[in-house]
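Notes for the one structure printed next.
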Amino acid sequence: MAEIYYSLVTILLVTVVSPFVASLIPGRAVPEVVFLVFGGAICGKFGLAGINPDLEPVKLLADLGMGFLFLKAGYEIDTRDLLGRTGAYAAGSWLVSLGLGFAVVALVFSRLGFNQSSWVALAICMTTTAYGTLAPIMHDRRLQGTRVGKAVDVYGSLGEILPVLAMAFLLSSRSLARTGALLLAFVLVCLAVYLLSSKVRDGGRRFRRFLVENAGGSSQPLMRLVILLLVFLLFATTMFEFDAALGAFAAGFILRALFPNGSEPLEQKIDVISNSFFQPVFFVVSGASLDLAAATRDLPLLLGFILALVVVRGFVVAASLKADPSTRDMDWHEVFSTSAYCTMALPLVVAITSLARDGGLLSATAASVLVTSAALTVLIVPTVTSFVRVVEEVAPASAAHQIARHEAPLEQVLHDHLDTFHERQQAFHDVRRSVHREGRRFSSAEYFAHPHENGLQHAHGGRHPHATGAGERDAASRHEARS
């Protein structure tokens with residue numbers, strides 16, 4: 001019992017320190033989730049050994065944290081987007097990624113010592129998106145409801161759900177027919193839960209009145225009902241031998257169907273219980289199993305897998321966004337951010353490599369390197385997307401265009417674009433100081449996502465920073481002034 005409490009105290013210490021450390025970084029370029037995961041790795045069994053992630057009570061808390069994370073993700077997703085045109089393009093892009101993943105494994109990873117028995121596991125790993133890890137980052141950066149947020153919701157959620165189904169059908173020892181039958185049975189269980197819940201909501205007047213009248217009381221019956229829904233579907237996925245993420249997603253979908261217009265009091269209570277304890281515990285425990293030293297054992301595999309994620313997942317998502325008529329007009333930084341976010345991969349890579357390692361398809365060292373590579377994407381992607389703002393404000397494409405067309409001398413073009421950059425930097429810092437005075441965090445990603453809300457107007461009157469050719473207009477206006 002002492003070991004359990006010692007691990008829990010260490011976990012909670014990491015959860016307390018991580019948000020403070022994240023707040024020290026200017027512009028919040030590195031989100032709290034990164035510090036939770038890598039804090040867990042430092043204190044985990046391959047680090048300081050303060051956390052034992054193999055203890056059953058610790059595993060249970062982490063599973064519940066994962067459950068709350070995916071419940072909230074499923075609740076926030078608009079199923080109309082999943083079933084609409086964007087969802088069709090997202091599903092198609094995932095299938096393309098899977099095919100491309102097999103090609104990359106056959107052409108590249110086979111030369112790194114992986115035999116054909118491991119190809120399926122590797123290909124599925126390359127198609128995953130860490131949507132559960134991504135959801136709180138999107139929330140912290142206030143990207144929900146933006147074009148980037150909506151696209152990430154659809155592509156990211158399918159990048160989590162479809163690999164789970166692929167795992168069930170392609171990596172399971174069961175026959176395809178048995179797996180299909182079990183999946184159908186799980187869907188029927190979810191449907192029965194929804195119908196029963198709807199009947200209670202619409203027909204059970206006395207019970208419904210009890211829930212509504214006592215929702216703010218000490219007994220919190222509505223929250224208990226939500227937790228029952230989540231735990232029951234986690235239990236169902238365990239019984240049917242599917243990944244628990246599938247049950248948690250289903251719980252979120254059912255909850256949204258029961259509250260189609262949302263319920264702010266309920267959402268706030270779920271956020272409190274999830275964000276304060278279960279969710280950060282999940283991230284810390286996920287990191288506690290990482291062997292960061294494995295990164296030094298096979299650098300070609302470490303870097304090769306990260307590059308494969310970029311090609312197989314990132315490039316395909318970007319191409320799909322440009323092919324879809326509803327997202328074709330997204331700016332370059334929106335496409336870049338969306339595809340980069342969808343390249344993040346951690347929880348399912350852990351699950352897939354564990355399954356492959358236990359089945360003798362992957363060595364323990366290879367599995368550790370792949371998981372470490374996936375963990376590095378959780379660090380790299382949020383950091384890189386935070387610097388998109390800086391690249392946009394320098395306007396390198398506009399500068400190159402001016403230089404290529406000999407519109408102005410090289411020195412003048414560079415000077416004008418640097419002037420534009422400094423003006424926009426000042427605008428960004430002014431907005432950030434204003435937001436900080438309100439007691440709220442502010443990131444570069446939010447700066448781009450809400451230009452009108454933040455009052456981001458260009459110094460010369462143009463829309464900032466999304467206006468096409470803003471750098472050219474700035475340069476032209478300054479050139480005219482000098483003339």
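In case you wondered, yes, glycine gets a Cβ from its N, Cα and C as well.
Values in this document were obtained by computation on a predicted structure and should not be read as measured data.
Among the features that TrEMBL reports, transmembrane segment is placed at 6-26 (among others).
Summarising the annotation, TrEMBL assigns domain 'Cation/H+ exchanger transmembrane' to 14-387.
Annotated transmembrane segment per TrEMBL: 33-51 (among others), in sequence order.
Only residues 6 or more beyond the boundaries of the transmembrane segment (87-112), in the same chain, are considered here, and those with a CB under 8 A from a CB of the stretch are 81, 119, 122-127, 154-155, 158-159, 162, 166, 300-301, 304, 308, 311-313, 316-317, 319-320, 323-324, 327. Sequence annotations record features per position, and here TrEMBL assigns transmembrane segment to 87-112 (among others).
Taken from TrEMBL, the feature transmembrane segment covers 118-139 (among others).
The transmembrane segment feature in TrEMBL is assigned to 176-196 (among others).
Residues of the same chain lying 6 or more positions beyond the ends of the transmembrane segment (217-236) and with a Cβ under 8 Å from any Cβ of it are 63-64, 67-68, 71, 186, 189-190, 193, 197, 210-211, 244, 247-248, 250-251, 254-255, 266, 269-270, 273. For 217-236 (among others), the entry in TrEMBL reads transmembrane segment.
Here TrEMBL flags 301-323 (among others) as transmembrane segment.
The feature transmembrane segment is assigned by TrEMBL to 335-355 (among others).
According to TrEMBL, the feature transmembrane segment maps to 361-381 (among others).
Residues or ranges marked as region 'Disordered' by TrEMBL: 454-483.
Under the heading compositional bias 'Basic and acidic residues', TrEMBL lists 471-483.
Here the transmembrane segment (118-139) has long-range neighbours at 31-33, 37, 66, 69-70, 72-73, 76, 94, 97-98, 100-102, 104-106, 109-110, 149, 152, 155-157, 159-160, 162-163, 166-167, 170-171, 245, 275, 279, 283, 305, 308-309, 312-313, 341-349, 352-353, 355-356, 361-362, 366, 370, 374, 377-378, 382, meaning same-chain residues at least 6 beyond its ends whose C-beta is under 8 angstroms from one of its own.
Scored on C-beta pairs under 8 angstroms, the neighbour of the transmembrane segment (6-26) with the top count among 33-51, 176-196, 301-323, 361-381 is 33-51. Beyond its flanks by at least six residues, the transmembrane segment (33-51) meets 6-7, 10-11, 14-15, 17-19, 21-22, 58, 133, 136-137, 280, 283-293, 346, 375, 378-379, 382 of its own chain at Cβ-Cβ distances under 8 Å.
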